[in-house]
């Protein structure tokens with residue numbers, strides 16, 4: 001009587017179909033980031049270039065404002081010229097989250113090329129512009145939309161590769177916009193002097209085309225795009241297994257969230273005033289040849305400000321750090337920039353540009369972590385709240401600079417009213433952010449929030 005040898009069975013793998021037959025809920029596809037590797041850091045480098053060519057170009061707004069004011073569009077008011085910059089920033093933040101969702105669904109390989117082509121095309125069209133409405137369409141609308149498809153999605157693409165190194169990756173990527181704010185203000189005025197505005201802008205378009213081509217080659221995602229199939233599968237699952245959902249709008253009713261969004265809105269009312277008007281102020285006070293470098297100095301400070309406040313926030317908390325940088329931004333304008341209107345010095349302009357660049361860089365880098373903290377890591381609320389945050393930023397940017405330009409137009413070549421408005425609104429933004437911090441973490445000052 002022969003005995004059968006014991007069989008060593010391999011562990012069974014239950015397919016989603018078998019799960020469904022047995023009444024088990026199908027497990028979602030696990031997406032574990034590689035957290036490093038050659039492709040991951042190549043994607044970080046590519047995203048750095050995307051930021052350099054998009055938000056970095058927008059950071060050179062003061063140079064364009066100065067050139068338009070003095071040469072090409074002398075018949076336009078400061079308020080009218082400010083709409084060019086504000087429209088870029090508004091479109092960048094308004095449509096950035098939507099493009100980020102497109103990258104999730106279709107992948108960066110399909111999404112980034114059209115926006116890269118659009119960015120280069122809009123800069124080429126700017127070189128042909130001679131009238132205000134043409135500049136508004138080419139630089140304000142066309143480049144603003146293209147930048148929306150490159151800047152915020154650059155962050156999303158790079159962070160997909162990391163789990164524990166996301167902070168470092170975001171810091172490197174966001175530094176691309178600050179470096180752009182250093183390079184463009186130094187490069188463009190020199191080119192304009194040598195070859196004229198049209199040729200200078202075309203050379204810029206050529207440089208951006210080369211860099212964006214490299215960026216598109218380097219950027220990739222560790223996961224396959226979700227596509228429409230996952231949407232249909234999710235809808236089918238919801239139909240067969242209905243589960244109660246919490247509305248994403250529920251989070252908007254919380255007091256911490258309301259005050260935080262209000263604080264971001266007021267801060268954006270004043271944040272771009274020094275970046276847009278500091279070169280013009282330096283030129284009017286006798287530093288014409290140095291005016292072009294004020295933006296480069298401010299963005300050099302911002303380069304450090306993107307990283308250091310993030311490191312500090314790991315120690316004392318994101319909200320505590322956010323309250324400090326927003327309030328300091330307003331205090332610097334009122335206590336440092338405003339006196340320079342009456343007692344102008346080259347050293348004072350340099351120090352103010354560095355300090356303000358540092359604290360304003362902290363506001364830009366700390367916003368998204370505060371949003372995640374307010375959502376309490378609930379995935380169903382992070383996207384909605386990030387969209388609300390971007391909407392507040394966009395509306396603040398859209399209305400802030402034109403208001404400040406209108407104030408300046410009433411005062412002629414003086415910046416006193418503009419400075420008071422910008423400083424007061426940023427301090428008000430700091431107060432609102434501080435109120436949100438108290439509602440979220442309590443009144444104890446030393447608590448990490």
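From the backbone N, Cα and C atoms, a Cβ is placed for every residue, glycine too.
Feature annotation from Swiss-Prot assigns transmembrane segment to 44-64, 80-100, 112-132, 135-155, 168-188, 195-215, 255-275, 296-316, 322-342, 346-366, 387-407, 415-435; the stated evidence is sequence analysis.
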The transmembrane segment (44-64) touching the transmembrane segment (322-342) per 3+ Cβ pairs under 8 Å rule: no
Same-chain residues near the transmembrane segment (415-435), Cβ under 8 Å, at least 6 residues beyond its ends: 259-260, 262-271, 273-274, 277, 281, 319, 322-323, 326-334, 337-338, 341, 400, 403-405, 407-408
Sequence-remote partners of the transmembrane segment (387-407) [C-beta within less than 8 Å, at least six residues beyond its ends]: 77-83, 85-87, 89-94, 96-97, 152, 252, 257, 261-262, 264-273, 276-277, 367-368, 371, 417-418, 421-422, 425
Contacting positions for the transmembrane segment (135-155) when only residues 6+ beyond its ends and CB under 8 Å are counted: 46-48, 50-51, 53-55, 57-58, 64, 68, 72-73, 83-85, 87-97, 99-100, 102-103, 108, 111-112, 114-116, 118-119, 121-123, 125-126, 128-129, 170, 173-174, 176-177, 212, 219, 368, 390
Any contact, the transmembrane segment (255-275) to the transmembrane segment (168-188), with at least 3 Cβ pairs under 8 A: no
Contact set, same chain, for the transmembrane segment (168-188): CB under 8 Å, 6 or more residues outside the stretch: 44, 47-60, 62-63, 151, 154-155, 158-159, 161-162, 200, 204, 279, 292-296, 298-300, 302-303, 306-307, 310, 357, 361, 364-365, 368
